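Data first, discussion second: the structure below is written as structure tokens.
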Amino acid sequence: MDSITSYNVTQMNGDTKQEKCDDVLSTSSTQKFCGGCRKKLRSLLPVNYKTEIVELLKLAGPVFISQLMIFLISFVSTVFCGHLGKTELAGVALAIAVINVTGISIGSGLASACDTLISQTFGSNNLKRVGVILQRGILILLLACFPCWALLINTEPILLAVRQSPNVASLSQLYVKIFMPALPAAFMYQLQGRYLQNQGIIWPQVITGAAGNILNALINYVFLHLLELGVAGSAAANTISQYSLAVFLYVYIRWKNLHKATWDGWSRDCLQEWGAFIRLALPSMLMLCVEWWTYEIGGFLAGLISETELGAQSVVYELATIAYMFPLGFAVAASVRVGNALGAGNTERAKLSAKVALVCGVLVSCVVATLIGCTKDVIAYIFTTEEEIVSRVSQVMIMYGFFHLFDAIAGITGGIVRGAGKQLLGALCNIVGYYFVGFPTGVSLMFALSMGIIGLWIGFFGCVFLQSLFFIILIYKLDWKKATQEALIRAGVQLTETKDESFGLENKGCTEEAAKESQITEEGLTDANTDLEGLSKGGEGISEAGAKTTVGAVLTTKQLIVRRGLAVLLMVLILAGGIVLNEMLVRYLR
């Protein structure tokens, strides 16, 4: 009996050992299999791609949040005005549209010149020149307020001319007049944001934007609910909120010393190179404004059909704005990364940033488009309970998913174009795409075929499809070596050939003529691309010794006084002309 028991125990122990061996072998096999999978995944995604994805996401995520904060300022104002009445709500909605078209879009577009100038200069490590570019932007954007004011002061005549209700037009003019002093603050907030984001600093905009929105909600509540100031209270709340955003961000920059590396005090150099700044600023403005204006006009045209079409268009436009913020984050990140790399002379990293940003943005946009498609029948209930509007929005959303994908591609590639400094081609593409293809097609389908806003969005789809195709071809055909040369010139640095025939970067205030005669000519760069890649990783190794803050021909003091004085005089005359025109038109139209 004991022998049988002993045998059984021995047999059990043997079975246990065998099971343990099998478990070990199984675990070992699993680990080998998982390890092999990880190795295969690593081989599919090179290390430099993973690093680039991480860097892009670090920028794109906060950009999305900061843009959402900006959007919420006007959105909250509209929501608070909802209880005032239809006439008041219509007046505020039209006023905000006019402010966006003739004000905010102008400042935001002009500030986009910094997407090229600051990103490339920061990448070159010529840091003090970044501060001078900021000063230049401050002066130019403040002057840009004058023609914007000349348009804004004529809001009522413009609305009366397009047959809006006199009461609505009058309320819109009241709102705009109260908001007008906030325009410089809105412009400065845009410029400060560009100054930081092109250095890879994003979170301050998120933090100050959140604080500004909290203050905006409180002020709207006090002015509209407690004090019952109506439309004037809403405008005053918006004005205070714009100043709070600009002041909060300025204080944060000073508090955290984010300006120390790039700011060397006000310099007379900021009066130089206005032509170079404007040559980038105007196409940048057109790239943004052409698109922005088209959608705003689309809303007005929808109102000519019926209130249902107008309501549906308003909902679709709000949804499109929110959805676009996802690819916008990647567009900004691509612009920053490409500009930084070109300024550092790192051509290959610039191309890598462009590829990774486009792929990541498209993947995220596919997810967003899928979500919109799955919720198309209910998503409009966020904004309204009117069944006719909900049904109309649902019909547009069927097509909008495809529109969003190509809109994302166009937006991200547009960011790459800005980072490379090719805004002129981008502006021409947008003008042709929207005003010669998309908008005429949409309006024809909208009215001639009685398709309403569905026809309008079909026209917009054709536009973004052509846009995305053009930008992809442009980036594919882009001479990246030449783009690197141009970035180095803008950044105030140039290539110098050393004794061992390698290339280095030297900070110089070279003129374009001198640059053409130097080693940075296209012929001199036939074999330089490999050398360029090893020069700098984000600007390291580029000495600031002898750095110049001015590039190109330097104007004398007398020339500066005359030219900048004439610029100021011209802006003041434009504003004066707007005031005189307003007095004449109001009397005539009334």
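Cβ atoms are placed via backbone N, Cα and C, with glycine included.
Look at Swiss-Prot and you will find 1-59 (among others) tagged as topological domain 'Cytoplasmic', backed by sequence analysis.
Distant neighbours of the transmembrane segment (60-80): 89, 92-93, 96, 100, 193, 197, 202-203, 205-206, 209-210, 212-213, 216-217, 220-221, 224-225, 234, 237-238, 241-242, 245, 318, 321-322, 325-326, 328-330, 332-333, 360-361; these residues of the same chain sit at least 6 beyond its ends, with a Cβ under 8 Å from one of its Cβ atoms. Annotation comment: Swiss-Prot describes 60-80 (among others) as transmembrane segment, evidence class sequence analysis.
The feature topological domain 'Extracellular' is assigned by Swiss-Prot to 81-88 (among others), with sequence analysis given as support.
Per Swiss-Prot, the feature transmembrane segment maps to 89-109 (among others); the stated evidence is sequence analysis. For the transmembrane segment (89-109), the list of distant contacts is 74, 77-78, 81-82, 141, 144-145, 148, 151-152, 155, 158-159, 164-165, 167-176, 179, 183, 186-187, 190-191, 231, 234-235, 281, 284-289, 292-293, 296, 299-300, 314: same-chain residues at least six beyond its ends, Cβ to Cβ under 8 Å.
Away from its own ends, the topological domain 'Cytoplasmic' (110-137) comes close to residues 144, 187, 190-191, 193-195, 198-199, 259, 261-264, 266-267, 269-274, 277-278, 280-282, 284-285, 287-288, 332, 335-336, 338-346, 415, 418-421, 423, 487-488, 490-493, 505, 507, 536, 538-540, 542-544, 547-550 of its chain (Cβ-Cβ under 8 Å, at least six residues beyond either end). For 110-137 (among others), the entry in Swiss-Prot reads topological domain 'Cytoplasmic', with the evidence type sequence analysis.
Summarising the annotation, Swiss-Prot assigns transmembrane segment to 138-158 (among others).
Taken from Swiss-Prot, the feature topological domain 'Extracellular' covers 159-167 (among others), and the record attributes it to sequence analysis. Outside the topological domain 'Extracellular' (159-167) by six or more residues, the chain places 87, 90-91, 94, 98, 173, 300, 585, 589-590 with a CB less than 8 A from a CB of the stretch.
Per Swiss-Prot, topological domain 'Cytoplasmic' is recorded for 189-199 (among others). Outside the topological domain 'Cytoplasmic' (189-199), and at least 6 residues removed from its termini, the chain residues within Cβ reach (under 8 Å) are 59, 63, 66, 107-108, 111-112, 114-115, 118-119, 122, 130, 134, 137-138, 141, 205, 242, 245-246, 249-250, 253, 258, 262, 332, 335-336, 339-340.
Non-local neighbours of the transmembrane segment (200-222) in the same chain are 58-59, 62-63, 65-66, 69-70, 72-73, 76-77, 80, 193, 233-234, 236-238, 240-241, 244-245, 248-249, 252-253, 256, 258, 336, 340; each lies 6+ residues outside the stretch with a CB under 8 Å from one of its CB atoms. Feature annotation from Swiss-Prot assigns transmembrane segment to 200-222 (among others); the stated evidence is sequence analysis.
Long-range contacts of the topological domain 'Extracellular' (223-231) within the same chain: residues 80-81, 83-84, 88, 91-92, 171, 174-175, 237, each at least 6 residues beyond the stretch ends and with a Cβ under 8 Å from a Cβ of the stretch. If you look up Swiss-Prot, you'll see 223-231 (among others) marked as topological domain 'Extracellular', on the strength of sequence analysis.
Positions annotated as transmembrane segment by Swiss-Prot, on the basis of sequence analysis: 232-254 (among others). Residues 70, 73-74, 77, 80-81, 92, 95, 174-179, 181-182, 185-186, 188-189, 192-193, 196, 204-205, 207-209, 211-213, 215-216, 219-220, 223-224 of the same chain, all 6+ positions outside the transmembrane segment (232-254), place their C-beta atoms under 8 angstroms from a C-beta of that stretch.
For 255-274 (among others), the entry in Swiss-Prot reads topological domain 'Cytoplasmic', with the evidence type sequence analysis. Mean pLDDT for the topological domain 'Cytoplasmic' (255-274) in this predicted model: 90.
Per Swiss-Prot, the feature transmembrane segment maps to 275-294 (among others); the stated evidence is sequence analysis.
Positions annotated as topological domain 'Extracellular' by Swiss-Prot, on the basis of sequence analysis: 295-313 (among others). Sequence-distant neighbours of the topological domain 'Extracellular' (295-313) (same chain, 6+ residues past either end, Cβ-Cβ under 8 Å): 97, 100-101, 162, 320, 380, 384, 386, 388-389, 392-393, 396, 439, 442-443, 446-447, 452-453, 456, 460.
Tertiary neighbourhood of the transmembrane segment (314-334): same-chain residues 55-57, 59-64, 67-68, 71, 75, 93, 115, 197, 295, 298-299, 302, 353-354, 357-358, 360-361, 364-365, 368, 372, 379-380, 383-384, 389, 393, 396-397, 400, 404, 407-408, 411-412, 414-416, 419, 453, 457, selected by CB-CB distance under 8 Å and a gap of 6+ residues from either end. What Swiss-Prot records for 314-334 (among others) is transmembrane segment.
Here the topological domain 'Cytoplasmic' (335-351) has, by DSSP, the following mix of helix, strand and coil residues: 14 helix, 0 strand, 3 coil. If you look up Swiss-Prot, you'll see 335-351 (among others) marked as topological domain 'Cytoplasmic', on the strength of sequence analysis.
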## Note on the structure
Checking 138-158, 396-416, 431-451, 453-473, 566-586 against the transmembrane segment (275-294) for Cβ pairs under 8 Å, the most are found for 431-451
### Summary
Checking 396-416, 431-451, 453-473, 566-586 against the transmembrane segment (138-158) for Cβ pairs under 8 Å, the most are found for 566-586
### Query
DSSP says what for the topological domain 'Cytoplasmic' (417-430): how many helix, strand, coil residues?
12 helix, 0 strand, 2 coil
